[in-house]
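Quick notes on the structure that follows.
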Amino acid sequence: MRKTVVDIIAMKAAGQKISMLTAYDASMSALLDQAGIDILLVGDSLGMTVLGYDSTVPVTMADMVHHMAAVRRGAPDAFVVGDMPFGSYQTGARDAVLNAMRLLKEGGCDVVKLEGGEVVCPVVKAIVDAGIPVMGHLGLTPQTAAVLGGYKVQGRDMEAARKLFADAKRLEEAGVCGLVLECIPAGLAEVVTASIAVPTVGIGAGKGCDGQVLVINDMLGLFEKFTPKFVKHYAQLAPLVRQGVENYIGEVRAGAFPEAEHTFTSSCDYKVLLSGDDQ
């Protein structure tokens, strides 16, 4: 049975930690769902992990709908959160509501997620008032990383911490059903988590959050350019993928693949086709 927003909020109340991972396609979403993941996040991180961009900014609504729909087809009963891409909610409440509706109707997600604090509260309220659950995102917000001075830890000084704390409270008042806290000191995340009734899901925010999220490509060791401090590799798949492909190339070039067990046969003598004597 598919989880609901009520179920996820109840996990916080019961002290049950929430597990969330990104997924971008049907095959991976099926595997993660089979493993028992609580939440699948179709993140705009797909811009870097799947589409080859150097940030999340170029990701479009069409990109998000395409990948969300694939994830939903792979895991029809999973609880799916979908990112609203940059530009889909910054132009006003009406645009935000229409785009959020599209993600639910065409993408099939259960909740939309957007970045920002007090400034996005009117948009959050408008989307929630339209009957669409919203998850917030504070701390390091990748869509506006350039304004923050790059991909850096946020909330280290008291002024920034006070603002983030206040933003979390305002987002809760605006109606969010959960909050991602990214790259902030563990102590700050713990205080924010204790101050709001909705679940917090951390990424680089310590153990004090109600749950944790990682990018699947990072967690499985598929991305080798760099490893953020907050990432733990639960597998190292990149070397295995390379080795498997190298083995395949070697066998193809040597004529060792395909073998008899991989080949279809027939009792027909097809060589007569070459002589034209098959009439």
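Heads up, the Cβ atoms here are built off N, Cα and C, so glycines get one too.
Annotation source Swiss-Prot lists Mg(2+) binding site at Asp44, Asp83, Glu115, citing sequence analysis. Glu115 (Mg(2+) binding site) falls outside any helix or strand according to DSSP and counts as coil. In sequence order, Gly136, His137, Leu138, Thr141, Pro142, Gln143, Thr144 are the residues near Glu115 (Mg(2+) binding site), counting only same-chain partners six or more apart with C-beta under 8 A.
DSSP assigns Asp83 (Mg(2+) binding site) to a strand in the three-state reduction. Residues annotated as 3-methyl-2-oxobutanoate binding site in Swiss-Prot, with sequence analysis given as evidence: Asp44, Ser45, Asp83, Lys113.
Summarising the annotation, Swiss-Prot assigns active site, proton acceptor to Glu182. Counting only same-chain residues at least 6 apart in sequence, those with a Cβ under 8 Å from the Cβ of Glu182 (active site, proton acceptor) are His137, Leu138, Gly139, Leu140, Thr141, Pro142, Gln154, Gly202, Ile203, Gly204, Ala205.
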Between the Cα atoms of Lys113 (3-methyl-2-oxobutanoate binding site) and Asp44 (Mg(2+) binding site), find the distance and write it as a whole number of Å. 10
Under 8 Å by Cβ from Ser45 (3-methyl-2-oxobutanoate binding site), counting only residues of that chain that are 6 or more apart: Thr22, Thr56, Asp83, Pro142, Val215
In the same chain, outside Asp44, Ser45, Asp83, Lys113, whose C-beta lies within 8 angstroms of the Cβ mean position for the 3-methyl-2-oxobutanoate site? Leu41, Val42, Gly43, Leu46, Thr56, Val59, Met64, Gly82, Met84, Pro85, Pro142
